[in-house]
Structure formats: C-alpha cells, structure tokens
Amino acid sequence: MALVTLQRSPTPSAASSSASNSELEAGSEEDRKLNLSLSESFFMVKGAALFLQQGSSPQGQRSLQHPHKHAGDLPQHLQVMINLLRCEDRIKLAVRLESAWADRVRYMVVVYSSGRQDTEENILLGVDFSSKESKSCTIGMVLRLWSDTKIHLDGDGGFSVSTAGRMHIFKPVSVQAMWSALQVLHKACEVARRHNYFPGGVALIWATYYESCISSEQSCINEWNAMQDLESTRPDSPALFVDKPTEGERTERLIKAKLRSIMMSQDLENVTSKEIRNELEKQMNCNLKELKEFIDNEMLLILGQMDKPSLIFDHLYLGSEWNASNLEELQGSGVDYILNVTREIDNFFPGLFAYHNIRVYDEETTDLLAHWNEAYHFINKAKRNHSKCLVHCKMGVSRSASTVIAYAMKEFGWPLEKAYNYVKQKRSITRPNAGFMRQLSEYEGILDASKQRHNKLWRQQTDSSLQQPVDDPAGPGDFLPETPDGTPESQLPFLDDAAQPGLGPPLPCCFRRLSDPLLPSPEDETGSLVHLEDPEREALLEEAAPPAEVHRPARQPQQGSGLCEKDVKKKLEFGSPKGRSGSLLQVEETEREEGLGAGRWGQLPTQLDQNLLNSENLNNNSKRSCPNGMEDDAIFGILNKVKPSYKSCADCMYPTASGAPEASRERCEDPNAPAICTQPAFLPHITSSPVAHLASRSRVPEKPASGPTEPPPFLPPAGSRRADTSGPGAGAALEPPASLLEPSRETPKVLPKSLLLKNSHCDKNPPSTEVVIKEESSPKKDMKPAKDLRLLFSNESEKPTTNSYLMQHQESIIQLQKAGLVRKHTKELERLKSVPADPAPPSRDGPASRLEASIPEESQDPAALHELGPLVMPSQAGSDEKSEAAPASLEGGSLKSPPPFFYRLDHTSSFSKDFLKTICYTPTSSSMSSNLTRSSSSDSIHSVRGKPGLVKQRTQEIETRLRLAGLTVSSPLKRSHSLAKLGSLTFSTEDLSSEADPSTVADSQDTTLSESSFLHEPQGTPRDPAATSKPSGKPAPENLKSPSWMSKS
C-alpha cells in the first residue's frame, strides 16, 4: 500500500460537513487561485484517495509540485479532477474502477458541497482519463445521491448504487478501495436521508453544472451506463469444480472461516472481491456462484470488523490505518494518543494527537519485541491522563495486535495464551505473524523471569512453609534456593552425579545428598541435598518420631518432631523424607538454607577440594561462617567464652533468611546453629558412629529401615569419591577400603588444628566415622578412660559456657516440661537402664550392616554394650524407640559426612585405642541428654523466642533430672565444642558429684592434657587416607592463627 499525504494542513478540523465555506464564492479569483492547488490532506492508498476531514481551509493548492513517487498516477489524476470541480465543491473520495478498456482509467468520485441550507450534499461523478499519462479528464456520469439511494454488493467484486430509478454498478480495483467507497457512500446516503433529499427536490440542484459538463467519449458514457447489465468480466469457474450438494449452514460456516482467513492473508489493496471469491472456491473445491451475495455480505462484515477500531480495554483501541485517518471517529471516541506501528503509514493529524511511532514492517524477521517496553509506557501515559490510545497498523491484524497482546501481558501479568485469546475475542481478525508469536513467547519468558525476582520461590520460604503440612510431600523445586550464580542447587553438576541411589556422598564442603536405595524418587533424590550439621540434631528429630514410624520404610516426620523440625518447617516445604533420615533431611535442609555459600556452590570440584583443605575459604564462602574474630574460639564451640559475641538465643534459633555470618552460627539449641550450642563437631562424630553401630546391632529389629535411609559410612577421598559417584563402580564406596582403615594405625598421633577448625566452623558433619569405627572396635576393655574423658568434656563445657549454653539448654527443657516430655523420657530411660542388653540380631540392610561388617568382633563386647546401655537397649515403648533414634541418627550423621571427613579419618586414627574408645563412649549419655533437652515440641519453641532469660530459673532442677535419668549434662554433643580446648578444661561441681570420683577426675585431666597437646600441633591436611602423611599444598588459615588460638586456650 502506498500512503501519500499531500502537504497536510497543520490545522485540521473535525467538522466533516464544514468543508465548504460561505465566504468562498464561485467565480472569485482568490478562491479560484486556492482551488488551483491540490488539497493538503488526502490520504491515498492504491486505487483510492480519501479526503482527510479538514476544517475551514478549502481544498488547498491544486498544483502538486512534487508528487509522491510511490503513489502511482493517483496524485496527478487527483489534481486534475480537483481542477475540474467548482471552487466551492470538494472531493470526498476518489476510487479507481475497473475498465473494459485496458488503457482507460476510470474514477468514481464522491463530490460534496454546501446546499441551500448549508448542509452537506453529495453526488457521484464518473471521471474518465483516456490514459494513465493523461493530463486532462472528462465527466462521463453524474449521479445524485437522493434519500432513496440503496447500495448493494453484486457478488462479482463490485457494488451497485440505485437511486431515482437509476442503477449503476461500480467495480473498484481493490477490496480496500471498495471498502473505502462503501464507507463514504454509506455516510452520504445517511446525510441524504437525514435531510430528506427526496428525488426531484430543490437539493442537489448544483449537480446540473456537472451534468452540463459531461464530455466523455460515447464509448465511455456507454460503459458507465451499460455497467448496470454487466454481470462480470470474470470468466465462469473452471469445469473441474463440480457442484457438491452441501448443507446450507455448514457451508456458510465454512465460508465464513475460509473467507476470514483469506482476507487476513491477502493484500486487500491488490486483490478484488472476485479474486477473493476465486480463492475461496479453490480452497473449498466448489462453485460458490449461488452464494456470492452471502460471500459479499460476509466480506463486508469482515471489512467492517477490520476497519472499525476494537475497544480492547477502557483506555485502548486497536484499529487500522483507516481508523487512524478518521478524525471524526477519533475525536468521538475520546482518543488523544495514537501509537502507529507501521513504517509505511504517516501520522495523519500530528498537530491534533500525541503520536508515537514504531517504524516496522509486517515481516516475520521484524524485531517488534524491542519496542514493546516503550509502547507499554506510551499506552499507560494515556491511561494516566484519563484518555484513550489507538494502536494501529495497516489492518490492525498483526503488528498492532501483537503490541496490544504484549501490553496486556505486562500490564495484567497474563500469560501469552490468555492475552492472545482476550485480544482475539475483542478483535476477531487478530492474527500476529509467526515471528511476532515467537517474540510474544519470548516476551512471556522475560516477564516471568521478572516476576520470579519477587516470587517467594526465590526467597527463603519461611511464611509459606509454616502453613505446609509436615507430611505433605513437596517437590525439590519447592525448597531449593537459588545459588549465588543463579543455578538451582538441583542442577549443579556434581549434584547430578550424586543422584545415584546407594552411593556414598560425593558432595564437598559440608554438603551431600541422601541418596540411598530407599530414596529413589526424583523428589527425594533432588531434594535431599542438604547440609549435615550435628548428629545430635538428627538424634533430636529421631527421638521425637513415634515407634510406629520407626518401623516403616518410608517414615515421615511427625507433628511433634521437636525444635529442629519446627525450624525446618519454618524454612522448607519439605515433607516426604524417608525413614529416620526424614528428620535428618529437614534438619540438614535447614542447614543448607542457612548455609548456602556463594563460593561453595559456584566452585568446580578442584576448587571444592581446596575448600576441603582450607577452612578459611570455607568460612569466607559460607553464609554460615563465623566472623574472623570468632574463628579461633569456635574450634570447640568456644568452650572458654562465657559470653560469645553472638546476638541471642532467639536469633540463633530463628536465623534470618539472609544467613548473616554472626546470626547463622549463634550459640543456642537451634538446629540450624551449628557452631556453639551443639555437640563438638569432631568428638560427637568420632563417637557417634560406634555408638550408633553398637546400638544398631542390639536393636536391629526395631529399626529395619534406618540404615538404608542413610548413606554408607565408608567414603572414598574427596577426589575419588566424586569419581566414584559418577562411575559404575561407585558402589565400592560402600565398603571400607583397606587403604582407608590401615593408615589409621600408622599416621602420627596428631590432629591438625586446621581440621578441627574446619570441623567446628563449617563442617559440623561427622568427620571421622571410619577411623573411630576401626579403632573403637578394638579397645573396649578399659572403661575408666572413657568415664574420665566424658567427665572431662562434661565438666569443661559446663563451666566456661554457663551463660551461653545453659540458658539455651534449659530453655528447651522448660518447653519439654510444658510438653510433658522430660518426665516421660526420664521414666523410660530409667527403665531402660535396668534392661539388659540383647545379643546382636542379624545384620540389617544399609550402611549400618556394612559398617558392622568392618567392626571387629570386639564391638560385641558386653562391657561396651553395657556402657552404651541406656541408648542401645531395645524396648517396645515409644520413648525407647526415640532414645534409640539418637545413636542411629548419630550414625547417619557420621555416615553422611562431606569430604573433610577423610582428613579427620587420618588424624583421628592416630589416637590411642583407649582414647578413641573413651571418646566414643563419651557422647552416649550426653547424646540422650542432648536429645532430651532439645526435643521440645514444635509449638512450644515459639514461646521461647526472644525470652532466653527464663531458662535460668530451673537450671539445677533440670540438671538433676537429667542425671537421675542416667544422662550427663555434658556438652559435647550439644554445643559443638572442639577438642582443641581440652587443655583448659575445668569441672563443674554438679558433674563431679554426678559421675566422677577423684581418681577419675585426675585420670581424665591427664588424658585431656596429653590429647590437647597433640591436638595443638598443626599439620598439613592429607587429601585421602592413603596419603596421610602428604601435607596440603596450602596450609589452612586456621593454622596460621594458631598462636592467637593457643593464647586464648
């Protein structure tokens, strides 16, 4: 389509009927001059020139000095026709018609003038040009438009106009031209009826002037008159189209659908209605000659739909170029803003409307998406100003419709499908091209991504998970937070390798996946990537699970699972863990939520290995890492810090989602606070494994599924472990390699401080399961050192951290008492003490059975079982099951340790067997103590938040209850203390009176001093058990800090 706007007037007016002015008198020389110039406001397309409604200005300069090159000969012809008119008359529309002569050019011209009553009067002129290049024209027909004028489509690509007994048929050269002619004629007939221009009346007398000017050749006049009899110049349909009988309704529906499709796909400027009907017949494979009237009516209806602007929203119209050129319609609809989404159409009324142009063509390669943002703001500008905006292109089908769909998607947050259906419902001819549809789909993704930034899925889901049922399964995406580089944790490469069931955990830096045979589903596989903190916490959750759940292979955490589970539920929508590891998963998931480290997740496996060697890097990369000032003191839970610089117990129990380093590692019993309140990261894991395994041997029947739900205990070194997980032979990690156990006897008896630092700081994962298993199984004869060391730990941790942990420790006890758990556990444990140990039943599936296969027969030493009595004795009572859960969870914790696990393996193996035995036994009672004191109900924890001072009132009473229940109140499993502080241990009188005699105390002090001295000796961290003596290439930063640490100790 060629749009030509000829020297548009800057002062357009809305009055369509005021085109002629009374001051213009015929014959006036000035007016004659004005009429010599062509109108400045004609809108031209191929085959039609539409007068843009001007105000008081006459049709201006009649001479077109620089005609538009792409408008064909229409501008020149229009200029000649205007010069043919009287000065007071104006052309409203000129439409080119088909001609029987190839070289002849014919126009139907609608001319209007002011009548006797200053009303608009219209006539039709038939103008002939002898050739396209002709500079002159003649009039061959004059037809007055009286009030009885009727217009009909002839079904052959034209329309008939009948009035006062005369009928003429006009066949415009294009559908677009015909549609513009029908519009103008319709309005002209309406004016004639309104003013009652009856035939033969005084109106339209001025038409006699043009009747007197008829001077065309007779052949031309005959063509104008003979057209009433002319059916069509189109030949009949080919014979191959055989008439098929069809049902009327079905055919009409099919015609409507096909016709609409054809008209939207055709360039209506270059096709006639005959051609459209031909195409329709071809597509339908039938002759539609009988239905041509129906087809024409439908075509007219579709043209009307295409031409009429569609009100999409209260402030937004979607239309075509014709709507943009109809000043009266624009002003009547309240449009003040026009968004022109075309390159070929100019702005018609730049002085009257606010325009914004998107200069693009309707092509699939056009990048329309880049303009949608500015279009959105322009449309909203109209909305803010309480006005309306017209968005138009050529037909209002593709470009402008796509822009409106994009606007709806952004403005209302709709998906593409909804926005498209809505706009198509409002404007049925809407059909964006394939390229625009692809861009709309891309735009939908952009908007979705923008919304996701504010979506709760990209934040910690504290609020939503509070309302989530505990046993309501949630997909992995429900709780996987985004890693710092934007990658969901489930998509990290080394996580995918870990998804194989039954394999040891390959994940580095305190993370691993609980991938066992009982966790085969994608939910469990993907969702169980967690941060293992202290086995004590796991034991807490296990303790709170009822016995019935313990026997099920797929147990789910119960409502009263306790403090840890409550916090987990507040952080995660994580509801379908299997077995005992269900609670573990929740605790660990909470750790992961708190402790996602930017570097920890973003690093490659080689960088992860560096993290294993460098706890400072771990701390720096972890959101949960302690401040640098606290690193040295956090080695063993800050044993000697009476008031650590952590904020509060409430802050620790309810860590912020941001995971500030200080807040996320505060000293309290929060399951998510690993560093201070919980068990020592090193000792409990050393001890938990043998305890758990001995316990499991004596209570296999009650816990048939606890083993399989936990990863295998023996893991290859960090590097090989990653390889194993991805390889087919990863199952080898399930069995303890000889190279893993043997170096434990040969390595020097030194545990580097860096390992301890790493353990207490970040790993919180059981470090040295395998060595402890190996070593613990042999020395079970000497029970005295065990009690010594246990007292040592208990008393040491009691004294210096009284203000820090007792408050938190007793806080939970108060809540336990509210829940009635302390009394129940006390009774059950007292009864447990009196129950003799059963012989070990047959081994069960899972890591525990594999583990005990590696434990020498000494592990069934009755003395050892007796020492573990309260924990390992089977019982049918619910609390017995819960008490058994503690060692099992300890076992799970130690089994699922991350790569740092191996470094401690090597150095832990350097302990004397007696020492290992004693520390293995140390946490048994304190483990139950931890479980009891920290298994407060989920509901009761809310009453504690922000009120840490309440727990001091009943400290002594609670401690007494624990001792009577056979539990020590020692802190190893509760407070994440570190062996590094053993040299400065002191005793609390309560613990001495509870479990110690003078000789025990003395021996334990000696043992502590010796162990503390060798623990202080820094040493490079080996990369795997086989290379125990190989120092790490880069010393851990904690080693560099050893002087300050030693001074503090």
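Cβ atoms are placed via backbone N, Cα and C, with glycine included.
Under the heading active site, phosphocysteine intermediate, Swiss-Prot lists Cys393. Summarising the annotation, Swiss-Prot assigns compositional bias 'Polar residues' to 1-12, 458-468, 1001-1013. Summarising the annotation, Swiss-Prot assigns compositional bias 'Low complexity' to 13-25, 731-742, 925-943. If you look up Swiss-Prot, you'll see 564-573, 772-787 marked as compositional bias 'Basic and acidic residues'. The annotation domain 'DEK-C' is assigned in Swiss-Prot to 249-304 on the grounds of sequence analysis. Here Swiss-Prot flags 308-449 as domain 'Tyrosine-protein phosphatase', drawing on sequence analysis. Per Swiss-Prot, N-acetylalanine is recorded for Ala2, and the stated evidence type is a large-scale study or a structure entry. Look at Swiss-Prot and you will find 1-28, 456-499, 544-603, 693-787, 825-899, 923-955, 989-1049 tagged as region 'Disordered'.
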Completion exercise
What DSSP reports for the domain 'Tyrosine-protein phosphatase' (308-449) is 68 helix, 23 strand, 51 coil
Problem - Neighbourhood of the residue listed as 'active site, phosphocysteine intermediate', C-beta criterion under 8 angstroms, separation at least six - result: Ser320, Glu321, Asn340, Val341, Thr342, Ile345, Asp362, Arg399, Ser400, Ala401
Practice task
Give the residue counts of the domain 'DEK-C' (249-304) per reduced DSSP state, in the order helix, strand, coil.
Solution key: 45 helix, 0 strand, 11 coil
Exercise for the section: Determine the mean pLDDT over the domain 'Tyrosine-protein phosphatase' (308-449), rounding to the nearest whole number. Expected result: 93
